[in-house]
């Protein structure tokens, strides 16, 4: 250990690295045998086999095995014997062929090893590691610990691969848009004004303009439209966006999107360009050829068949609407649902009889809880027996005619062993309930192929949806989406020229053609309840721009974090972001957000009214 700590003491006097790095650790292959190389990295693991020291040296590219023994490499042996996990070292040595018995097919460098002629210690570890970083360690580390010591977490192979994958995706986006399609990258402001876009804004007081506030952008939407008015034609940006909203696994208060806007292009042309972009990303990053064009579903078809507007089509389990069959049913729950303007739908589950018991469907069961969380009051069911007859609760069986029974079996394609789960009530609740059950059952039954890639467009969204809490219409996407030209006579029921790209049940991109005429934009503002004065106050700059020759235009934005999450096979976007926030919107590494000096608040002419609970 004497030489080790002597080396540490000399670090302060070491002004430069002794030798240029010749390779990254993970790059070395058989073709490099015989070369003398210099590597830098961290000790991933150290092993002593009969007096011979083996080190796994790690950098962002991977791992390579380093060997030091007292006979062949006496100059490096003493220091090699003193090294520990996560020490930072410089190693110079010869690339040699590994002996047959020590070949390691699990790593790309597994055919070679480095005989270390020289080892320099660049830095040590002075505190006990909060968790093991080594790629050989399989312990499950608590996420809060990983986020607090993110600099250690990012050294781990999985995280290093994820961050590099993210870089590859962004690089592919830039290359295709610039080199193939002629887009230009333009930065838009981070400090802007607060505009109603759905979620809460993050707001910042202005010191030089007391009483006035900036907002961080929820998206570059308005600026990119103004860029089209400015003649920029094909714009893109890897944009940082901010939304003060409740968080979940695939949401963050600050996130990144690929933002695009194009002038003089139809909806069809925009979709085709984006299919080629996405296909290029998959081929470049994943080596996967995607068949073009992608399938399309209208919003109405997606809701009818899957109960949601972002269906996972890797498995079937499609919903069946039997409202017309049940409108005259003797079963009051079904009959009343239809009479009150609602629907009755069925989720048919092959082999459901065998795997799903009545206990799970009734109150207290897991499927009942799933339905309740979606707003359903209960679950009705029919089981198809081996003889083709049905089993269900008496209230349904006694009030189902033979004709209705046969129509249900025929429409659902139900065979012996099928379980039919019913949803009845308002359309939104029924669809949400059966969508959740569909996803839960697909996971339980192993119906989802994790290697399958299903991309599809959902098109023809409604322009507006009803906000029951505020008792008004609101834009389903945003109020700058252009209505379908055939529906201009009735904006309230109009379809939008909008399109979402869905990847294995996740919305990864959403866009639309935009309104580019002032009078249409003003009509949309009026439809969502904005008075002319409010519209002028919040969006006057956009309306003014529309007076000066605005081209037809449209665009799309991709959620970069979510797209990379799916590429990486992760379940949370926190695992593909270098420094994410928790679900409580905190950075555990820096302990942000934090308090500030009263002096700073005074300079900003603000004060906090928050009083901590005693």
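Each Cβ is built from the backbone N, Cα and C atoms, and glycine gets one as well.
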Of the candidates 301, 304, 507, which one does Swiss-Prot list alongside 243, 244, 245, 252, 559, 560, 561, 562 as binding ATP?
507
Tell me which of 213-216, 217-220, 221-224 corresponds to the region 'Aspartate' entry in Swiss-Prot.
221-224
Distance from residue 49 (site 'Important for tRNA non-discrimination') back to residue 507 (ATP binding site), taken between C-alpha atoms, in Å:
52
How many neighbouring Cβ atoms, not counting its own, are there within 10 Å of the Cβ of residue 49 (site 'Important for tRNA non-discrimination')?
10
Going by Cα-Cα distance, which of the recorded positions (49, 243, 477, 514) sits nearest to residue 560 (ATP binding site)?
243
Helix, strand or coil: which one is residue 562 (ATP binding site) in, per DSSP?
helix
Using a 10 Å radius around each Cβ and counting other Cβ atoms from all shown chains, which of the binding-site residues 245, 507 yields the largest count?
507
Using C-alpha atoms only, work out the spacing between residue 562 (ATP binding site) and residue 514 (L-aspartate binding site) and round it to an integer in Å.
24
